[in-house]
């Protein structure tokens, strides 16, 4: 009888890292634990890991990336390799950076009066998030399609004839809106979640769809691409008509013809204001998914001042400065992120106009003809909105310093 081969003893697990006061919160899928134990990959390539540490939103890890808990590996993976066509428009954002707003505007521009959203035919069904629903679902949608994604740029399928619209928003208002989003959506099981915990998770990139800062960094090199339109969320609120006109000109075809018609342009702008979008909010998501029916929560900017402490504000400022020094985004939100709100004055208006002129050089598109412009009535920003990849922590994806060096040419 052949003697049994003795079992090889299991190697001792790497001890949980010791974190000091002020360190990012350590979840089972934080980079600290991931690097030490490979927790997120123990279930094998076909399995996802759902987890919810005490006090945190419920989330899932798929291939080392953090997603909402209802996401499936097959859908995320097929979305990364799906095919886009020349009539497709892809709305790409970090969560709470104008996603629903842009879907609504773009659908009107492309489909005209054929676009209707309502209960049973919500916008999230007509214009699905590709990583949530998967390629097979999106393939069954009749073109022209308006598709939504929160993918980092390195995850998204890239086709030269497809139009991509990427909208950015200052991180403090994004964080504030995302906090309410996580409390409102039932899937996160976080209706009573706390602000301090959420801010820690946002600052350390441990939320569904990942790190805000890395997300923006991944898309910045596309700032000059012919088939990518960059929009600033705050600029859209300050001059919505001009934003709609730019989107129409970028899309071309029927969309361009619609914005060149003053009556149609006016109609689309009126349909896309905060007050208009707050009406009949069942158009956006099935109400059964929400604790509160109001998906469009609040307009205006600097709502973050109602939540942040000065220390928390300085913390986000420091992260932003470290990530974006030397890039075109370095001064994008100088006033929106400032702790002290700049008083309204002729001097400040002049300074803002100078910065807007510099911004126009980067966000280059034909400006709206003067006869169609509305008067500026506010300096405030507002918006709507609804990945950090744990695997992106390797040197090829998360080396912000090298990315910043590559991007510095765009600022010249």
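Every residue, even glycine, has its Cβ placed from backbone N, Cα and C.
The feature 3'-phosphoadenylyl sulfate binding site is assigned by Swiss-Prot to 96-101, 169, 177, 233, 272-277, 297-299. A sphere of 10 angstroms centred on the C-beta of residue 99 (3'-phosphoadenylyl sulfate binding site) encloses 25 other C-beta atoms.
Under the heading compositional bias 'Low complexity', Swiss-Prot lists 393-402.
The annotation compositional bias 'Polar residues' is assigned in Swiss-Prot to 403-412.
For 1-20 (among others), the entry in Swiss-Prot reads region 'Disordered'.
What Swiss-Prot lists as region 'Disordered' is 393-412 (among others).
A count of other CB atoms within 10 A of each Cβ picks out 272 as the most crowded of the binding-site residues 272, 275. Sorting the binding-site residues 96, 169 by the number of other Cβ atoms within 10 Å puts 169 first.
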